[in-house]
Amino acid sequence: MAGINKVIIVGHLGNDPEIRTMPNGDAVANISVATSESWNDRNTGERREVTEWHRIVFYRRQAEICGEYLRKGSQVYVEGRLKTRKWQDQNGQDRYTTEIQGDVMQMLGGRNQNAGGYGNDMGGAPQSSYQARQTNNGNSYQSSRPAPQQAAPQAEPPMDGFDDDIPF
């Protein structure tokens, strides 16, 4: 049976994306996303919080989108998988790092927030949203920008014959 390697992160960028271009011309974006969890300490009753930083890498079109739209403080939803890379440092020592290879990225929050400002996010539907998906082979992309939807005003049906007496 095959294993599952899937990561889902929702957090805020700690810095602007770092964008590089590989020798073959493909873009690479590195982002650092913070997630936090908080709890009340049983012994002291104090509110405690710990922040975890996640290094996420995007390639090709997704990397370009990151560089164009994401800024420090932007809230983002990421799906991806853990990857471990090996390289040699200046002394010839083998070094390893584990990072998330992003497959799906969706910007959350309002337009001002994704531009680096502090938008007024009241917890409703995002004002600005962009989702990009990358297949496992990295060659096919599907991106969509949902159109804003507003409900058309509906006329209420007439209340003729409505009895407003409560039966109890």
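Here, residue 1 is simply the first one shown, and the rest follow in order.
Any Cβ shown, glycine's included, is placed from N, Cα and C.
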**Asked** Ranges 25-30, 31-36, 61-66, 163-168: which does Swiss-Prot label motif 'Important for interaction with partner proteins'?
**Response** 163-168
**Residues in the domain 'SSB' (4-109) grouped by DSSP into helix, strand and remaining coil** = 10 helix, 67 strand, 29 coil
**Prompt:** Mean pLDDT, the domain 'SSB' (4-109)?
**Reply:** 95
